[in-house]
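Have a look at the structure below, then the notes.
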Amino acid sequence: MKKILKVVSSVSGAASKSTQLADGIIAQLQERYPGSTVTVKDLAKDPLGHFDASHLLAFRGAGDATAEAAAIADKLSEAAIKEVEEADIIILGVALYNFHIPSTLKAWLDHVVRAGRTFSYATGKPEGLLKDKKVYIALASGGVYSEGPAQAFDFASPYLLGMLGFIGLTDVQLVRAEGCSIPGLQETAVQKGLEQVVIA
């Protein structure tokens, strides 16, 4: 039995290929680990605020006239971090928008990647504080970015792998549903993505 956190970033609802891919991964996990629970964080329906001065105030512990806004930012950040800390497995449903991740997912990461909570410089060098978790990145794209001339325009996967690794999440599998807007590929994109999944 595992605790699974699914983070949804696509605005396309049930039609989203990244969400379908994430759900397919969850189905495989539940088959492997019966009784597993799933917590869903839908950033399209319930986005976190984008990073602003209140976040700096909250995360650095300074005090001024925006203390109330900082308290709200701190509460949202702690809630997001707690969901990650409590999960055994994290699935990020990622739609590729303009060669990168959705801005709502970037905002979520800005709440989660936090000094003293998910990473530390206590030893003089950065150390990720989130350990022993499996992450699946369910990345859906209209074109093919894993190879060929478009590969250089996939800024999403290296960014996510770098950010996750920075906070200690190094056991990551990138699963792609590619060609979702290309006839002849779109019909099987999700299924081919699911065939890549490795359930330990």
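Think of each number as a place in line: the chain as shown, counted from 1.
Using N, Cα and C of the backbone, Cβ positions are placed for all residues, glycine too.
Among the features that TrEMBL reports, FMN binding site is placed at S10, S16, K17, S18. Within 10 Å of the C-beta of S16 (FMN binding site) we count 22 further C-beta atoms, all protein chains included.
According to TrEMBL, the feature domain 'Flavodoxin-like fold' maps to 2-196.
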Over the domain 'Flavodoxin-like fold' (2-196), what does the predicted model average in pLDDT? 94
Fewest other CB within 10 angstroms, which one of the binding-site residues S10, S18? S10
